[in-house]
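Notes for the one structure printed next.
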Amino acid sequence: MQVMQPARLPHHYREMSSAEKEARIREAKAFFGNDLLIPGHHYQREDVIQFADFTGDSLQLAQLCGQTSSANIVFCGVHFMAETADMLTSREQHVILPDLAAGCSMADMASIAQTERAWEALTERFGDTILPLTYVNSTAEIKAFCGRHGGACVTSSNAKNMVQWAFAQKPRVMFLPDQHLGRNTAFALGIPLEKMAVWNPHTHELELLPGANIEEIIVILWKGHCSVHEKFTVEQIKNVRDRSPHTQVIVHPECTHEVVQAADKAGSTHYIIETLKQAEPGTSWAIGTEMNLVNRLAKQHPDKQVFSLHSTMCLCLTMNRIDLDHLAWSLDLLREGKRQFEITVAEDVAAEARTALARMLATV
């Protein structure tokens, strides 16, 4: 992927009041009209999400970007999302990420070199029996790898359907980069843990459960994780239930298998949002996902008790890098005809990655 290197944020943006920055953003939106689209992920901070033309999870935003005709897409999300937007839009459209440092630690846990080395070892061991699936929280190169080898992308919303689709193609699935989403999805489909193994890209070995038979392994999980969701624990669930037995616990499937099994419900951000919408007034919910979304849900549902499963949970730090300062600056530059924050995926990579994305979008 190619990105333009930005200069340091001009100091005067830090000195502006929030009202001044918000006014600049509104002026830019009015200036561009339909030629500007601002998609915002559910995990964005409140002062930024107010300017989103559309709010959604990874699947919804991917579909939106593939349908829009706006010339400029200023993506309030993280790096891999902006890459996906660029790959699903035309060459005449421009995708801007307000802060190029808004990455994803999970996506960085699977490099293309590591993945190709793993594939070589695994296909040597298992033959032509494996189909690769990648969570959309991955780099364009990993998506392209999956497209090249007959695989596809998945989101937390459609992971079950995509794993079922994969098993209709090959007897084994390689799921990367999030081991927890892969494990929880496979288990929900009835696959026992003993038939899953974890590929460690640092030791270049398959990690099996004690007593597991390597010949029976049908799900190969990449040793990656979300640094936010992995912080939720079974002990936190126990503490909530000890304090408030009537509270329901709902978590994201990027949490560990133990946490998902201990929770009352588990599902994507879209699932969590819809569950809260449909919940009866007066009900109590402990939510295991990113804090910006939890706080927003608490505000949107004053008739319910909504709080984080982890009372001192930090925000997704990279998602939180998209702030008013960077959004205002990127839009000011765009008005001057400067696309200093443009995300551009090389066409050879994009073509194969689009194949993986297209297989997903055709299946959901």
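Cβ from N, Cα, C; glycine included.
Asn137 (iminosuccinate binding site) falls within neither a helix nor a strand when secondary structure is assigned with DSSP, and so counts as coil. Taking Cβ-Cβ distances under 8 Å and a sequence gap of 6 or more within the same chain, the neighbours of Asn137 (iminosuccinate binding site) are Ser58, Phe80, Cys104, Met106, Ala107, Pro177, Asp178, Cys226. Feature annotation from Swiss-Prot assigns iminosuccinate binding site to His41, Ser58, Tyr135, Val136, Asn137, Ser156, His252, Pro253, Glu254, Thr269; the stated evidence is sequence analysis.
The [4Fe-4S] cluster binding site annotation in Swiss-Prot covers Cys104, Cys226, Cys316.
Listed in sequence order, the residues of the same chain lying 6 or more apart from Cys316 ([4Fe-4S] cluster binding site) and placing their CB within less than 8 Å of its CB are Tyr43, Val228, Glu290, Asn292. Close to His252 (iminosuccinate binding site) in the fold, though at least 6 residues off in sequence, lie Ser156, His229, Ala266, Gly267, Ser268, Thr269, Ile272, Gly288, Thr289, each with a CB less than 8 Å from its CB. The Cβ of Tyr135 (iminosuccinate binding site) lies under 8 Å from the Cβ of Met106, Cys153, Val154, Thr155, Ser156, Ala159, Phe175, Leu176, Pro177, Asp178, Leu181, Gly182, each on the same chain and at least six residues away in sequence. Other residues of the chain with a Cβ within 8 Å of the Cβ centroid of Cys104, Cys226, Cys316, the [4Fe-4S] cluster site, are Tyr43, Val78, Ser105, Met106, Asn137, Ser227, Val228, His229, Glu290, Thr318, Met319.
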